[in-house]
Amino acid sequence: MKYPVVLHPDKLLKRKAEKVTAITEELVTMLDNMYETMVAHDGVGLAAPQIGQSLRVAVIQADEEDDILELINPELVAYEGETVDIEACLSIPGQYGLVPRYDRIVIRYFDREGVEYELEADDYFSRIIQHEMDHLDGGLFIDKATKLMTEEEMVQYMEELEND
Ligand SMILES: [Zn+2]
């Protein structure tokens, strides 16, 4: 089942989400539905506040061939470096921005079996994780962006990058 995506400036997107205290059947169903919703919108990540659930949960799939990453109660444990790149968000259609993020991160999280993992990520993958984790604290990329762009400006920016 697909969920409707909560759109900016809905107050739900600004709220700090609650920790998951138990992995229930409802939570597992929600994870499946979040993935379906993300794929239906051609997204690479979706956080629970974006479907109206104030919970510290996110799903991520940077590439169709990647495994689905499900983050429950993720915590940032280490980070280094900084890069600036383009971001977009399913909750803010048509808006793009240049956003500084840590280059490399280590996070700790639980999966749907309740097993705790530590994960190291860099580049684009690390960027998606940071974007989704921001959602859990009520953060949006437009608040961190050093420059906001329309779709037209973003396409132009990408073309200039390729011509460099
Ligand atoms: Zn987003």
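Note that the numbers count up from 1, one per residue, in the order the chain is shown.
Cβ atoms are placed via backbone N, Cα and C, with glycine included.
Under DSSP, Glu132 (active site) is assigned to a helix (H, G or I) in the three-state scheme. Per TrEMBL, active site is recorded for Glu132.
Listed in sequence order, Gly45, Glu87, Cys89, Val99, Arg101, Phe141 are the same-chain residues at least 6 apart in sequence whose CB falls under 8 Å from the CB of His131 (Fe cation binding site). Sequence annotations record features per position, and here TrEMBL assigns Fe cation binding site to Cys89, His131, His135.
Here the Cβ of His135 (Fe cation binding site) has 23 other Cβ atoms within 10 Å, regardless of which shown protein chain they belong to. Close to the recorded Fe cation site, the chain also has Gly45, Ala47, Gln50, Glu87, Leu90, Ser91, Glu132, Asp134, Gly139, Leu140, Phe141: residues not among Cys89, His131, His135 whose Cβ is within 8 Å of the site's Cβ mean position. Long-range Cβ contacts of Glu132 (active site) within its own chain (separation 6+, distance under 8 Å): Gly45, Leu46, Ala47, Ala58, Ile60, Leu71.
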